[in-house]
């Protein structure tokens, strides 16, 4: 998709205008920046992790970046092209609450089976704790919960049928009925 081209092809640009929340001008700017950072037109996992490390210098962002990468890489080819990047960015930055919930669920559902287990949830929550670093986490995590305690609290609120897994429907219903759950999922990063 437009690899090594300095401009998006008109049909690609039109497609992205239709399928993202970005304007034509914004897409052109994002594409220019993407090519500056990724001259090959694609990001591999290592490059993606380096971007996260720049944004989270006080912790270890590598594990969380690995999960985000998996969620961005829609076709599963081990790289992120501009389309995958901008579509994910559109959802996470400007998408509807529903779109963001779907994206978050996809990230937490590590094996893609449509259910989040306690272990999957714990892996993501631990990755978030490591990413932001100890000092920042202590400031953000005013309730003092460990990753395991946070998972237990989330499951108590979300796992309606008490089968130790969360379906997309349970995930959405709980998040809509109790917005504080979304903060738990983010480890209160929005405070």
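Cβ from N, Cα, C; glycine included.
Look at Swiss-Prot and you will find 73, 75, 77, 79, 84 tagged as Ca(2+) 1 binding site, backed by sequence analysis. According to Swiss-Prot, the Ca(2+) 2 binding site annotation covers 109, 111, 113, 115, 120, on the basis of sequence analysis. Annotated Ca(2+) 3 binding site per Swiss-Prot: 159, 161, 163, 165, 170, in sequence order. Look at Swiss-Prot and you will find 24-59 tagged as domain 'EF-hand 1'. Under the heading domain 'EF-hand 2', Swiss-Prot lists 60-95, citing sequence analysis as support. The domain 'EF-hand 3' feature in Swiss-Prot is assigned to 96-131. If you look up Swiss-Prot, you'll see 146-181 marked as domain 'EF-hand 4', on the strength of sequence analysis. If you look up Swiss-Prot, you'll see 2 marked as N-myristoyl glycine.
When the binding-site residues 77, 113, 170 are scored by other C-beta atoms within 10 Å, 170 scores highest. With respect to their backbone Cα atoms, residue 115 (Ca(2+) 2 binding site) and residue 84 (Ca(2+) 1 binding site) stand 23 Å from each other. Surrounding the centroid of the Cβ atoms of 73, 75, 77, 79, 84, where the record places Ca(2+) 1, the chain contributes additional residues within 8 Å, namely 42, 72, 74, 76, 78, 80, 81. On the backbone, the CA of residue 113 (Ca(2+) 2 binding site) and the CA of residue 170 (Ca(2+) 3 binding site) stand 15 Å apart. Annotated Ca(2+) 3 site 159, 161, 163, 165, 170; additional same-chain residues within 8 Å of its Cβ mean position, judged by their own Cβ, are 115, 158, 160, 162, 164, 166, 167. Under the DSSP three-state reduction, residue 170 (Ca(2+) 3 binding site) is assigned to helix. Per DSSP, the domain 'EF-hand 4' (146-181) is made up of 24 helix, 3 strand, 9 coil.
Remark: of the binding-site residues 73, 109, 111, 159, the most isolated position is 111 (fewest other Cβ atoms within 10 Å of its Cβ). For the pair residue 120 (Ca(2+) 2 binding site) and residue 161 (Ca(2+) 3 binding site), the C-alpha distance works out to 18 angstrom. According to DSSP, residue 115 (Ca(2+) 2 binding site) sits within a strand segment.
For residue 170 (Ca(2+) 3 binding site), the nearest neighbour among the listed binding-site residues (75, 77, 79, 109, 111), judged by C-alpha distance, is 109.
In space, 109 is the closest of the binding-site residues 73, 77, 79, 109, 111 to residue 161 (Ca(2+) 3 binding site), judged by Cα positions.
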